[in-house]
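The next block holds one structure in the form of structure tokens; read it before the comments.
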Amino acid sequence: MTQKLHIKTWGCQMNEYDSAKIADLLLSTHGLELTEEAEQADVLLLNTCSIREKAQEKVFSQLGRWKTWKNEKPGLIIGVGGCVASQEGEHIRERAPFVDIIFGPQTLHRLPEMINQIRGGKSSVVDVSFPEIEKFDCLPEPKAEGPTAFVSIMEGCNKYCTYCVVPYTRGEEVSRPLDDVLFEVAQLADQGVREINLLGQNVNAYRGPTHDGGICTFAELLRLVASIDGIDRLRFTTSHPIEFTDDIIDVYADTPELVSFLHLPVQSGADRILTMMKRGHTALEYKSIIRKLRKVRPDIQISSDFIVGFPGETNEEFEQTMNLIADVNFDMSFSFVYSARPGTPAADMPDDVSEEEKKQRLYLLQQRINNQAAKFSRAMLGTEQRVLVEGPSKKDIMELTGRTENNRIVNFKGTPDMIGKFVDIQITDVFTNSLRGDVIRTEDEMGLRVEQSPQSVIRRTRKEDELGVGKYVA
């Protein structure tokens, strides 16, 4: 009887990417088939996030629900991974001794051996070490699931913002070798992927070693990925302003595959708060980056992250953030009230903004950005938008749905052969959470750039053993 795997994932896109890799890995090594029904699983994994408030308690609450199944099914294996696992380590076992495996973001590739050890009679396995980039060498080939895909190009962060736990839970910055990244992208392109989203905690700090001993910058990587045939839309997340160099802006000027949409976290519009956060830039320097971008891409839309109620934030400083939001004209945001993360420098600062004040500021901030986003959507009425078709519409299976460069959902009448391809749509209606339109051009009429085939990239970047035989991680 086929055994089942259930993974519950919290947090960022990096965690989503890691969970997908875990599922592929354990299917190839142990034949574990992924299930959405946790009760059916033989292996239960919790991939955690430590960014949000009370992250640890959320983990133990979930584990408490799983404990009853462990009592009923003694052979059930329970594992905890992700950033909370990295942060808490053995403490998880102290509070929840029924947990079999504790693994960090950098040791997920060792899960097959950990499972073997538990099945071999070992009571528990804990490995939350930081073996740099080793995990990418031990994961199976990527499998495309639709026309879009994420590709992790680096891990960790060296910025040590005072409120953030990432450097402590995912380690410092380590970039994947250039050929490894291109090989994965080419494999996905060969399977029909049309949009790639490059991932990293500080993605634009990428400095990947090349086969000849050099270093590939993030700007160079963007151009190389965009040159692979079939990859006609390119995104990246999450970037840091102090790494957003002019050579990256130059890519926006000459690489049409790079979308006119950027997520660039700023956190606050007040310089004193930015200094206390150890962000390394001022509000004016942030706006300077946006001005340069809009000079080469006048239509680019910007989203950001904001923390309101950081220790010591005054009403005047919050207004500076609101002014920045208006000046930049952000399209959307991920915004949160400040809550201290244990072990970070900011946790030692007096948290002197009341919860009521934090919530009020958050409401005002989100209301302003929502209003700005609505104006952007209304301005799209009557315009022509390029849409990547993802599949049937959730609202009407007789229609198709896709996304624009600026992440708007568009529903329209089309044919099944359009799925996984681009179409140009004339926007005819604007709704709160979606747009409607009519097809005016199919992909065959677009003349998309053709430069190098995925197969040629695969041949050039595949790894070989000492006999010159190609090696593929299976």
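Using the three backbone atoms N, Cα and C, a Cβ is placed for every residue, glycine included.
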- Query: In Swiss-Prot, the residues CYS12, CYS49 are said to bind [4Fe-4S] cluster 1. Which of CYS83, CYS157 is said to bind at that same site?
  - Reply: CYS83
- Message: If you count CB neighbours within 10 Å, which one among the binding-site residues CYS83, CYS164 has the smallest count?
- Response: CYS164
- Query: If the [4Fe-4S] cluster 2 site is taken as the center of the Cβ atoms of CYS157, CYS161, CYS164, which further residues of that chain fall within 8 Å of it by their Cβ?
  - Reply: LYS159, TYR160, TYR163, VAL165, VAL166, PRO167, GLN201, ASN202
- Query: Cα-Cα separation of CYS49 ([4Fe-4S] cluster 1 binding site) and CYS164 ([4Fe-4S] cluster 2 binding site), in Å?
  - Reply: 12
- Reported as an integer number of Å, what is the Cα distance between CYS157 ([4Fe-4S] cluster 2 binding site) and CYS83 ([4Fe-4S] cluster 1 binding site)? 13
- For the binding-site residues listed here (CYS49, CYS157), which one has the lowest count of neighbouring CB atoms within 10 Å of its own CB? CYS49
- For the domain 'TRAM' (378-441), the averaged pLDDT of the predicted model is 96
- Query: Can you tell which of CYS12, CYS161 has the most other C-beta atoms within 10 Å, given these are the binding-site residues?
  - Reply: CYS161
- Mapped DSSP class for CYS83 ([4Fe-4S] cluster 1 binding site), helix or strand or coil: helix
